[in-house]
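Before any comments, here is the structure.
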Amino acid sequence: MSRQSLSSPALGQRKGLISHTVDLVRALLFDRRYFWHTAFLLFLGEVALSLLVIWKIPYTKIDWPAYMQQVDMFLAGERDYSKIEGETGPLVYPALHLYIYTAFHRLLPSIENVRPAQFVFLGFYLATYLAISTIYYLAGRPSNGGHHFPQVLLIPLTLSKRAHSIFLLRLFNDPIAMLIFYLSVIAFQIGGRKGWRLGCVLFSLALGVKMNILNFLPGLLVLLFQYRGIVGTVEGLSIIGLIQFLLPAPFFFSKSNPYLIRAYFTSAFDFSRQFLYEWTVNWRFISEETFLSRERAVTLLAGHLTVLGLFAAFKWSPVPGGTLRVLRKGFSDPLNQALEVSQVPAYHIPLVLFSANLIGMLFARSLHYQFHSWYFHQLPFLLYSGAGWGNMLTSVLIWVTVQYAWETAPSTISTSAALLAGHGAMVFGLFFHGMKRPSSSQKSKAK
């Protein structure tokens, strides 16, 4: 018997083992049946890595002391929102932000010892990961021409130094607002009258922490009209508005002074606030004079509204007849939804919301480093949905470029230009290569 024949069984076993391993890895990364297996493995990795970050890397003192100083003034009885301030300046966040950090102030053993707060933010970080995983999973339900969002998209969510820093080392309010917002997206995806009402409640609570949630509002208006009709849209907006009025009630009713109402809203929702040029991440390549100019602000607002209008008109109603048909049906039957849910894929809701936010990021007057959390968890979803121009290599290149810009501190002319180019490429990609209206053949396959 030859040596080759003796070794052939072992060789066959080795090839079989390699083939089995490759199949297992492929299933863990792409097979919907193994979505939560992979998500859980990544979750465990995030737990270990995050604990290591908290243990090994010092907390960064930026806004936490100012938050606590603002809380001190609130607890001391100050109810004029315009007078509440800390070492970094006046309080510019809505009331729920103040209440959350008041809870930290009350419940933590010491506001000087931030380690317990870091573990709370670790909880926020892990909850955000689970929430976004749920959004990806629900978006991948194979119905109405939709398709699976593979769990390989979750891997980039674990690779950002900036994201870990924002959540675990700096204790900003941005992650809290985004976690509540992601919970609202899940409620919208679950759907039904109760789901949309709960989603609007959660959306408003997120807005009550930070006004960046307004970036998602144009997309939400479109979705409310599509899924809930005119009456449902009015109901949803009423829920959001009522909560925004109830949250600051302690400031309104402490004294019979109408000025306090105006002081709250002009402080918590100050659209005219000037940003410091030294902290900008996305506009370093222009002069400070141009950065602070009113003309630039007006131009950016006009561009923002124009692109939102284009997406609303041509991209956000992926049904036969498009936006005109949706509008016609909505206004002719205001009590019912303006489109058939069976006509749109499961990813429609997060895609509209996330793309509206990305447009806001593109035209933002300034982005600071903590604003990275406003869209970081959405990027793999958007790139897979067309922002990567339908090409894996392009998607990876855009993601790496954007992350490099955020990881470089302080920002430079080149990193700001790269970030703006990355945002522009993603918005154009979504518009020209975004997921198209499912064809009749796709729908029949989905059934």
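Each position is counted from 1, following the chain as shown.
Cβ atoms are placed via backbone N, Cα and C, with glycine included.
The topological domains that Swiss-Prot gives for V25 and F376 carry the same name, which places both on one side of the membrane. A contact between the transmembrane segment (171-191) and the transmembrane segment (412-432) is absent, since fewer than 3 of their C-beta pairs, 6 or more residues apart, lie under 8 Å. Counting same-chain residues at least six beyond the ends of the topological domain 'Lumenal' (365-379), those with a Cβ under 8 angstroms from any Cβ of the stretch are 128-129, 132, 156-157, 160, 162-163, 166-167, 170, 172, 174-175, 178, 182, 212, 215, 275, 279-283, 291, 296-297, 300, 350, 354, 357-358, 387, 399, 402, 406, 409, 419.
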